[in-house]
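Trainee: Features from TrEMBL:
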- Asp246, Asp257, Glu422: Mn(2+) 2 binding site (BINDING)
- Asp257, His339, Glu383, Glu422: Mn(2+) 1 binding site (BINDING)
- 10-155: domain 'Xaa-Pro dipeptidase N-terminal' (DOMAIN)
- 169-428: domain 'Peptidase M24' (DOMAIN)
Amino acid sequence: MSDPLAALQREHLQHLERYYAETLAALGYDGVLIYSGRPTLHFGDDQYASFCSYGHFQHWTGQSGLAHSWLLVQPGQPTRCFFHAPDDFWHLPPQLPDQAWTEHLEVAVVRDATPPRLGAGRFAVIGDVDRATAQALGVHAPGVECNPADLLAALDEGRLRKSAYEIACLNEANRMAMLGHRAAHEAFLAGGSELDIQLAYLQASRQRESELPYGNIVGIGPHAAVLHYQHYDSEPPRSRPSLLVDAGHRFRGYCADITRTWPGTDTDPLFADLIAGMHDIKQRLVAAVAPGIEFVALHERMHHLLGELLVASELVTGSAEMAVESGITRAFCPHGLGHLLGLQVHDVAGRQARDGTVLPPPAQYPALRLTRELETGMTVTIEPGLYVIPMLLEPLKASPVGREVNWTLVERLAPHGGIRSEDNVAVTSDSARNLTADFE
Ligand code: GLY
Ligand code: MN
Ligand code: MN
C-alpha cells in the first residue's frame, strides 16, 4: 500500500466502527445496510444525469461516483462492502483504488447489484431507497426500516467532527482548488470569457465538471451579484470591472468551497477598496473561530463588521448598529456567514442539536445553514459577502431607512456585481486552522 494517508484512514475507519456500534446499540439496531445510490435517466431519454454517491457511503469509502454498491455494518462483524463492477463492454467498470479502506473493510467486487442477504435481527437500510425500491432492488428482510429519522440524525451527527484523515482530505481538496483559482484569475487578466475562466479552472485543478462538488460560479461584472450564478458566457464582455469565482474540488469525497473576487480593467477604486475591506472582515472572522463560539453570534458579528465597512466607505450614513438593526446589511448580504463542509458542500447536521432536535435559524437570517455551537473537529466555511442585488436594494431605497444609503455610490458599484471572500476553516482544540490559507 503506497497511500500516504493509509494510517490516518485506518484510524478514521476504526473511529467509524466504534461510532456505528454505539449508535446502533443505542437505537436498538443489529445492523445497517447503506446504499451508494444509482444515477437517474433524463425523462424519456436513455442518458443519465451526473451522479454522486450517498454521503454515508462515502464516509467509509470516499467513493463519490460509485453506484449500485452496498455497505453492511453489523457491529461485531467485519464491515462488508459490495463494490459493484459489472461486466460491461460499453463502459469501463469501476476499479478498487489503492487505499487503506479496501483492506480494512471486507470488500467483495460484485458483478450484480443485488444487496447482501440480511440475517435475523433488526436492520435499517439507508440511502436513496424507499421500502418499495428496497424490495425491488432485492433487500429481503421483512421488518427492514428505510431511512429511520433517529438513525439518520445520529449518523449525520457522526459526520460533524472530522477525523485527522478527513481534515487531510479537505486540505488536499483546498490545495487543488487553489491551483484552479490562480489559473482562473490569470485567464481573466488575459481577457478570457466566463467559459474560458471555467475551463482554465478545471484544467489547472485537474477535474471534469461532473466531478465538482457544486457548479462553479464564475461571474464577471454584474453576474457577480447573482449568488449562485449558473451560466458561463462564451464571449468576453466589453467591460470587465470584476470577477467572482466560487469554485471547489473534491478529494476522496471531501469538498473544497472557495471564493475569490478580483478587480478587473475598468474597476472603480471604491470597489477595489471594498474587496480589501471584505478580505479584512474574513480574516477577522476566521480569527474568531474557536470551540464554544456560537455560529449565529459569529454571523451577527459579520453583519456588524459589514455595517462598519458600509459606514466607513460612506455607502451608509449613521452607525453600524443602525445599518444592522434596520436591515440595511441584510439587503447587501442575504446569505449566511458559512456552513459545515465535508462530504457535501453544505454538509449535514448544521441545523440540529446533539440530540438530533432541529435548531432553526433566526427569523431575520433564514438562509443561515449552521446554527450550532462550534466544536473541535467541525469544518466550516467563512464567507462574508457584499453585493448590489437590485431585487433587494430597490425595496430598501423605497423604504424610510433608504435615506441612510448613498445611492450614487451604490450605482457606481452596480457594474461590479459583488464581493465574496470564502475560506475553509477547521476548528481545532483551542482555535482554528485555515485550510485555504496554506495555499494562498
Ligand atoms: N458555493 C456555494 C456556497 O458557497 O455555499
Ligand atoms: Mn462557495
Ligand atoms: Mn460556501
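In case you wondered, yes, glycine gets a Cβ from its N, Cα and C as well.
TrEMBL annotations: computationally assigned, not manually curated.
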Trainee: Output: those binding-site residues from Asp246, Asp257, Glu383 whose CB lies less than 6 Å from an atom of ligand 3, in sequence order; none if no residue fits.
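Mentor: Going through Asp246, Asp257, Glu383 in sequence order, those close to ligand 3 turn out to be Asp257, Glu383.
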Trainee: Cα distance, Glu383 (Mn(2+) 1 binding site) to Asp246 (Mn(2+) 2 binding site), nearest Å?
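Mentor: On Cα coordinates alone, these residues lie 10 Å apart.
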Trainee: For a three-state summary based on DSSP, what are the helix, strand and coil counts in the domain 'Xaa-Pro dipeptidase N-terminal' (10-155)?
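Mentor: Tallying H, G and I as helix, E and B as strand, the rest coil: 43 helix, 27 strand, 76 coil.
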Trainee: Write out, in the order they occur in the sequence, the residues of the chain not among Asp246, Asp257, Glu422 that have a C-beta within 8 Å of the mean position of the C-beta atoms of the recorded Mn(2+) 2 site.
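Mentor: Apart from Asp246, Asp257, Glu422, the close residues are Ile217, Ala247, Gly248, Ile258, Thr259, Thr381, Glu383, Arg420.
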Trainee: How long is the line from the C-alpha of Asp257 (Mn(2+) 2 binding site) to the C-alpha of Glu383 (Mn(2+) 1 binding site), rounded to the nearest angstrom?
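Mentor: Asp257 (Mn(2+) 2 binding site) and Glu383 (Mn(2+) 1 binding site) have their Cα atoms 10 Å apart.
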Trainee: With the Mn(2+) 1 site defined by Asp257, His339, Glu383, Glu422, which remaining residues of that chain have Cβ atoms positioned within 8 Å of the Cβ centroid?
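Mentor: Counting only non-site residues, the set is Asp246, Ile258, Thr259, Gly338, Leu341, Val345, Val380, Thr381, Ile382, Asp423, Asn424.
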Trainee: Find the average pLDDT over the domain 'Xaa-Pro dipeptidase N-terminal' (10-155) in the predicted model and report it.
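Mentor: Summarising the domain 'Xaa-Pro dipeptidase N-terminal' (10-155) by its mean pLDDT gives 95.
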Trainee: List the same-chain residues at least 6 positions away in sequence whose Cβ sits under 8 Å from the Cβ of Glu383 (Mn(2+) 1 binding site), in sequence order, or say none.
Mentor: Thr259, Lys282, His335, Leu337, Gly338, Arg420, Ser421, Glu422, Asp423
Trainee: Which one of these binding-site residues, Asp257, Glu422, has the sparsest Cβ neighbourhood, judged by other Cβ atoms within 10 angstroms?
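Mentor: Selected from the binding-site residues Asp257, Glu422 on minimum Cβ neighbours within 10 Å: Glu422.
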Trainee: May I ask you to report the DSSP-based helix, strand or coil state of His339 (Mn(2+) 1 binding site)?
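Mentor: Once the DSSP labels are grouped into three classes, His339 (Mn(2+) 1 binding site) ends up as coil.
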